[in-house]
């Protein structure tokens, strides 16, 4: 898609104009740079190898920021002609319209048409002048490049008219960097130095110290894999906005030892083991397509001759760096270094390299900028060089072992040419003799003697067994009471702080927060002029103009338009041969609902409440009614959709990675699901966000790091899926719906495995096979969790500049509740309270919570509710209902631990009215005590309990008096106990009567009771009352009342 690649048009034209300006100036000053070339032809064939760019590709990166394979550039001072494919042409099309005209020729499948395009390019070259600049050593390959080379060769351009393009591009474009390029190369250098100093040296030291055996290739691969560890580079603090996702290799780590050395670093590491002697290591990182290198020589137990040789090499290296500055000729730097070597060790001239450096940037090695004895190139401010000083295959007069007979030394640094001196970008990797010398065989220093430990006398009594309580059952009660007291005290402090903050925030005169002040009358205009009315109004009939959202009614012989927003509803009532159409209009004081709050321009004006029309044409009136109702529904629906999409913000465009392939997680389903067939897709991590590509290959969803509020990883433990969840700051559109939560999941259970025919099933049966399946399931889940967690961490590392970090729910702190439709596990995280398993998802940011109230907390209820009130009072409080009462104390402990004030009460409160009160006058709300009314309610409940309990506390004298009174009234108690014993003795039930007998007894008893009541002329309810009113009633009546009660 064209939105994948976005070329910086301003930067492109700025660099192109500078290039053309240098070209024209060079023509006037003697053609010293462009050698008289009147046109330039540069072609890129196949895509470059990873980490390596040749001159044409480097030129494209410099101009466009991207490499475009199978693309031809033909440049003249007055025109840029580009031949490329249709897809690439779409990316280049926006570049048109600059100072230098750009012509894009789209290459297709028609061979004749393609030949015409190349012929057009040849015509441009010939019309520009005689000489054309092309690469003399052109290594471009592929069908496109070969076809262009054949066309150019057939054009019969003389050899003397073909100028080498390499030095032209080096001089006019690639060698001198601007400030942005220099900062990028500096960051690449710092990252390379960090990897060399903080990782390779430590690894090498540990290997040599522990005498482990490891091959050069294995150690090199170990260092190379460190590029995938973003935390390492984050700890090194390369730069403020350093993005590890933009790193790539320009020189794979290479380790050499044991007498075999290649100081050009062109050969791959061999399989020989690391030798504890002279060890050479070099590596180079590429950051945002710009490269840097660093290399060092490390010596294990060097002799004096080797130390002297290294000191000499270091002095030459430092001399070269001091000699480099603006205006110096490259060959003078080399000759100065060679002269110094000759003066110290003339016989070592043959061991000195033919060049001591070269240019570096988007191109790994700029051969036109060699620091050699023959290059007359003048160094300029802004150039970046790799200085590589070495001595190859020196003879060791006192070899430590067979593999130390010959050795080589090298120092590699990335530097920047300055106006008066040279800045070393890789200076963080030390090169002095002490830093590169290691001695592992010396006698170790005597260990410091440990201080004698003072002998502590064992006490006669084990003090830890002495407790403050006499019995065991008292101890947890005391601990719980102490814990509860601490929690109450802490909550009291939190509530006081919240109250103080509210008074400070909403001082006297604070405005209302409910938004009613902002409501204004919205004018609706149907027509501006008379001639805009439909022609059908001439018949003085009822016209529904859907285009203008207007209903035109005939009143007093005139068509009167009414906008649909003024109409409340319409209905018609058939009556015999007539029908009545009634249209009700909106007017003040019509109802008591929220719609009555709508403003009017003048509420005291006269309003038409309704109009009624009678007609004999029942079908027409029916159609008009339907049209008005449908128009009203459409308008309401559109307004609702518009209101829903108010907070949807259009994101910036995703910037895809250019330097390497992005990290991908495949076989992923997204929630909310996209329309269409359920097909898994993949997530990619790009420079400034994520991209989910649906399995159909057409649909893509981009999520930018700048729009991420929270990032969660939920493992598959006790779940059927593993989740990466993104909670957004602003909703985005997914299909036709907006979403503030986007989730990427994969099922944790593996359903596709063979239940029959498995070889293991033939030998293993029963529990053993089930055990193996369980083990395999656990392993699969662990691998899946690890894969998702690593990917989530990579997302966080890529978006760390936007403060994106991974949060994992604490399942052990979770509790069941109903935030929406069903009971789910709600789990706290470090920053949030979340429910990520079932849609609709719940994500509450803890820092946005004002207070939490626990409702229906009373003895006897099995569940309670939790209400979250936000600091933004205009946000509706969130309810999590039906939480088991067993979770009450854990929820309180968690809320207290995260410093959230909470309160509790026995009833459900009307939060709509409470929040309306708060938002209408926040100052008065906090002046009246703020949220303390919630605590007052719970305190009153607690006080009632205390009063009830205190009613049962009696003194010893009262207890004695009650004993005496109980003896006086013992007659009633004895009679009652006898009656009760007669009714429910154990002997009665010991025989185990069947149901039939029990039913007969019950029916007989009911008849006897009814007859007694008829004889006494009293109703059953009065028996109960008499029983309550008189404690001394005798006979069956008293006993009956006692039983009923």
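Cβ coordinates come from backbone N, Cα and C, glycine included.
The model shown is predicted, which means the values in this text are computed figures rather than measured ones.
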Original post:
Of 565-592, 593-620, 621-648, 649-676, which span is tagged coiled coil by TrEMBL?
Top reply: 621-648
Subject >> Per TrEMBL, the range holding region 'Disordered', considering 755-777, 778-800, 801-823, 824-846 >> reply: 755-777
Subject >> Spatial neighbours of the coiled coil (621-648) far in sequence, C-beta under 8 Å, 6+ residues away >> reply: 542, 544, 546, 549, 551, 564-565, 567, 569-572, 579, 581, 583, 613, 615, 730-733, 738
**OP:** By DSSP assignment, list the helix, strand and coil residue numbers for the domain 'Histone chaperone RTT106/FACT complex subunit SPT16-like middle' (815-905), in that order.
**Re:** 16 helix, 42 strand, 33 coil
Subject >> Within the compositional bias 'Basic and acidic residues' (998-1010), residues counted as helix, strand or coil by DSSP >> reply: 13 helix, 0 strand, 0 coil
**OP:** Summarise the model confidence on the coiled coil (621-648) as a single mean pLDDT, whole number.
**Re:** 83
